[in-house]
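Let me begin by presenting the structure, written as structure tokens, before commenting on it.
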2 protein chains.
Amino acid sequence: MSVTTPQGFVAAGIASGIKTNGNKDLALVVNQGPDLSAAAVFTANRVAAAPVHYSRTVIADGQAKAVVLNSGGANACTGKAGYADTVATAERVADRLGTQASDVLVCSTGLIGERLPMQTLLTGVDRINEQLTTDGGTDAAEAIMTTDTVAKTASASGTGYSIGGMAKGAGMLAPELATMLVVLTTDAKLSSAQAEEFLNQAMRVSFNRVDADGCMSTNDTVVLMASGASSVEPDADEFQELLDQVTVDLAKQLVADAEGASHEIEITVVNAASEEDAEMVARTVSRSALFKTAIFGNDPNWGRVVSAVGTTSAEFDPDMLDVTINGVQVCRGCAIGEPRENVDLSGREVSVEIDLHAGDHSATLWTIDLTHDYVEENSAYSS
Amino acid sequence: MSVTTPQGFVAAGIASGIKTNGNKDLALVVNQGPDLSAAAVFTANRVAAAPVHYSRTVIADGQAKAVVLNSGGANACTGKAGYADTVATAERVADRLGTQASDVLVCSTGLIGERLPMQTLLTGVDRINEQLTTDGGTDAAEAIMTTDTVAKTASASGTGYSIGGMAKGAGMLAPELATMLVVLTTDAKLSSAQAEEFLNQAMRVSFNRVDADGCMSTNDTVVLMASGASSVEPDADEFQELLDQVTVDLAKQLVADAEGASHEIEITVVNAASEEDAEMVARTVSRSALFKTAIFGNDPNWGRVVSAVGTTSAEFDPDMLDVTINGVQVCRGCAIGEPRENVDLSGREVSVEIDLHAGDHSATLWTIDLTHDYVEENSAYSS
């Protein structure tokens, strides 16, 4: 159950020495074909890292042979020299695999504003190339961890094909760690256009719905590669459903491993005029520091929910808002509902449902609370 | 140096019993004329409290005789009954002052979702009416405090007139406390239209530039009343300058008293293509939880600044960004600048300058860091 679960993929993860603590820091995932269909989504941050700029050019033709990923350095805000480092990495991988650098995606994660130790990294590429195996997915998932406490993998089986994946990111809580890197693989037969369409749809309901602290990385990259090794042309609905399942699984693993979280919060907005409205409202609530500290304090403070909802441009009548926390409708018609004392927030999982009474669309988003540990981990990280 | 500094104003602040701890909780500021020109700005939150809805109708004609303000309860999300409470408060004040309820502004601050103790409040109105004096401004400023640790007042002297003001709000950190209530007074002669124009301009560079945690209250209200008692028609430039001075003074007092802050941060964006761009960039950085926790950790983490800037739609070339923290240009051309070790963040005041190299506009915004005390105060408040 990893990127090497589908046929046609080999991977490896090694400690190349980029991280000075001896942990794994270099991963390589290779598509052995017969197809090289691929799609990728990158951070929307205009301050994007060198590997993002480079990988955008690689994916433009819808083909990719391999993804090389390093932890231990984001290679962001490193100027032309940093971009040259990314190109050199891709070229070395291509050379070892007997392919073109223009078919090698590069991902980096770690601190912003520092150059990568290139000699170490390139020597690592030579070594990792020798270790590629059909069960290397777990090692690869370990090699992309930064402040993650567990490696994150997932898979799903379709009719004659499978989908695998790995992700890193400690809850999207530290963008300069290039929080979210995801590699998805499948042995289904997909055209590049299909891969792109499936991936975009899956993003919409999974990684785009994880919003731990509203911060956006310079390095976020999500890649889908299809080898076609099963020779199966999948049913589109089934494939989409399975890909959504794998990506939602990975997304929830990111939240579950979020730095410093004491509650995992699922925010569902129902009866919205549009899915966009539903998502906007959920995202705004998920970004309210006051709401998030209240949940940390086991306080079902619905006033902080409705005051966040009230700042959005979503369609709703302010007098019609209902808020239900862990099954108790504490706010009804934007006024006092059931007693807040009835809400039990002692567990780790929290559900918040917001009813806009404005239509029949809905959206779910996952976030975490704002805790002392969050402040500690994020204030102490680089100092 | 308070709302009773200008001629033509009396005020008082008493402990009416709304707060159960015996602290002052009711304030009244009365304009004795001859003019009753007034302007007000309210929260943009669509979930607005009853007193905001009511006061919007009062100010519509540009005239106001008095402002009554209570702490100890926001009267927000209290439905039609809560609105009736606000009307009853205005009617009682009007009755005692011999004026119309339609000339009495009402402000409330405290917890959302609870009715006010109306018998206590109305009895308090009867009592406070007996205590109005020309030096009651300080008592009034004390009576509107919630989690504020100090009363906030300011004043400025013009050519033959003066401007006074009071504010409450512990750094805009707790919107359900109806964070920001401000009353400004002047004895200059202003038309209603002038009052509105001066107030809107002052808001732009003061209270709208304080963004402690990005949360917006249901109750925010800023009022300017002009008595004309000095008979002086002020020079517009001078008056604006002085009003800006008073409002910036009060705004910075709000930040200085922010709940749980260990650093006061001044973010200035320079060389922007427009003032809107400059403000957008400053606001986005001020809302980055990662940037704010880094400052708490005395960490000049410029990567967290540029990654926040990169999420905006402001006009700039990502390769041209400079970031200077406490005088040290740690990021130059979106790459490594002076050594971060040169930045001293041990003091309480922090300045961050972001150069967009895209024009000649600028904007300054004030915020605070994200600390353990912030989490503690905001998680423990209502539980």
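Keep in mind that glycine also has a Cβ here, set from the backbone N, Cα and C atoms.
According to TrEMBL, the protein carries these features:
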type	residues	note
BINDING	A:Thr146, A:Lys168, A:Thr179, A:Glu259, A:Asn378, A:Ser383	substrate binding site
ACT_SITE	A:Thr179	active site, nucleophile
Checking A:Thr146, A:Lys168, A:Glu259 - which of these binding-site residues have a CB within less than 8 A of a chain B CB? none
DSSP three-state assignment (helix, strand or coil) for A:Lys168 (substrate binding site): strand
Just name the winner among A:Thr146, A:Asn378 (the binding-site residues) by count of other CB atoms within 10 A of its CB. A:Asn378
